[in-house]
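Copied from Swiss-Prot, the annotated features are:
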- C27, C204, H229, E233: Zn(2+) binding site (BINDING)
- 29-39: motif ''HIGH' region' (MOTIF)
- 261-265: motif ''KMSKS' region' (MOTIF)
- K264: ATP binding site (BINDING)
Amino acid sequence: MQVFNTLGKRLQSFEPHEPNTVKMYVCGPTVYDEVHIGHGRTFVAFDAMSRYLRVKGYNVVRVQNITDIDDKIINKARELGKSWNEVSEYYSKSYLEHIGALKVKIDMHPKVTTHIKEIIDFVQRLIDSGHAYVANGSVYFDVDTYPGYGELSNVKKEEWDQGEEIVKEKRHPYDFALWKAYKPGEPYWESPWGKGRPGWHIECSTMSTRYLGTKIDIHGGGMDLVFPHHENERAQTESLTGSTWVKYWMHVAFLTIRKEKMSKSKGNIVPLKEALSKYGPSTLRYWFLSSQYRNPIEYSEEILEQSSRSLQRLKDAISVLRKIIQKGPAHYAKEEDVKVQEEIVRAISRFDEHMENDFDTSNALTSIHEIASIVFSKLQYSEDVFGALIALDGFRKFNEVFAVMDEEFSAELDRLTKVIDAVIEVRNYLRKKQMYDLSDQIRDILSRSGVKILDSKEGSTWRFQ
């Protein structure tokens, strides 16, 4: 399996630090407004990665933070005439509600304001180790103490313009704030350097190491976070640990509208809650994953409507398979049936091959539509129950990653289980009659469709492989 590492800009073999565990940290939103479909695309992309890794047998631990104190939150509170924590609490709840609707699975949602003590400790250790300094109640990271600065983003530190307001109190114009000194009317916490609040970048370093340790397998987010956020995170964390912190840096490409990047400044933001209301979670997930995560994805009503039609085609294929299976029982496989079954198995294998090539959901989706084409062109005119079972299992594997047909499979899995139980009963009967050629053929066909038979003296049981 290969993934693209932003650090080095190349594909690398995926080998997590621990053989059976993947530690993943994804930067979550700053909750000063509704999350938009660009956020949704990023979160669903990493969700599909997590789901596929779990299918592969990994124990995935995914942490995604919530930045609930920031300049933008303070400004929004002033604009609305509310307190900063009212604003952050409202938008935090909205964010959690809507990514829940998108079926994004996240193990932990740490908030900045519940980790102030840990952040202060992290900053103090950077000061003690000579990587940070205090200036007028603020604390800055001394970028010159980290030789690897710029390796992730290929941005030269001298080119980083942070504005002129606080440059004078810094050693270098490109040093960045770890702790911001208190300003009248702003929230604050007590610290060894006086009243203040955390800088942006220190938050993620603190919370990621708090829950995942100093060796993280995947750290990700949108492409816009490569610089300065992830560059600064890497600098401050590795300065403290003295070793490589993140093994694979992964970033999701921009979402565009009429070929322009979606942004507040252009006024073309589409809130996630509006898109969910209009198209539903399954169509949105399908659309998000129809493009490989490193490729930009275009938003338009026409494209979303096409995604809805394409998803419906897959659901229609499942309906055809259900009818074939309900015809049962399975008959002795004809030669032409075996060829169709092998064709379906190859398409399922291609799905895995594409997912193992840097989570290429776009081509993986093409493989699933190939199965649908086989269903409509060949299977629906046959009585090939085994072929239908193989195809249905392919759709099941697809849905474990894409999560766009949960409704079909909650009922369909129950039906599938009953059908397989019936097939196993027939096979047990054949074995008792010593008709081993037929019983072996059933075993082999089920094995190709992902069903493992466990034989014993008492009979046979089964499980999905």
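For all residues, glycine too, the Cβ spot is worked out from N, Cα and C.
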- Comparing local Cβ density (other Cβ atoms within 10 Å) for the binding-site residues H229, K264 points to H229
- Item | Nonlocal residues around E233 (Zn(2+) binding site), in sequence order (Cβ under 8 Å, 6 or more apart) | H201, C204, S205, S208, H219
- Message: Suppose the Zn(2+) site is C27, C204, H229, E233. Which further residues of the same chain have a Cβ inside 8 angstroms of that site's Cβ centroid?
- Response: W200, H201, E203, S205, H219, G221, L225, H230, N232
- Message: Given a Cβ distance threshold of under 8 angstroms, which distant residues of the chain, six or more beyond its ends, lie next to the motif ''KMSKS' region' (261-265)?
- Response: 36-38, 254-255, 299
- DSSP three-state assignment (helix, strand or coil) for C27 (Zn(2+) binding site): coil
- Query: Taking the binding-site residues one at a time (C27, C204), which has its Cβ surrounded by the most other Cβ atoms within 10 Å?
  - Reply: C204
- Query: When the motif ''KMSKS' region' (261-265) is classified with DSSP, how many of its residues are helical, how many are strand and how many are coil?
  - Reply: 0 helix, 1 strand, 4 coil
- Item | Model confidence over the motif ''HIGH' region' (29-39), averaged pLDDT | 96
- Item | Rounded inter-Cα distance in Å - H229 (Zn(2+) binding site), K264 (ATP binding site) | 19
- Nearest-integer angstrom distance between the alpha carbons (Cα) of C27 (Zn(2+) binding site) and K264 (ATP binding site): 19
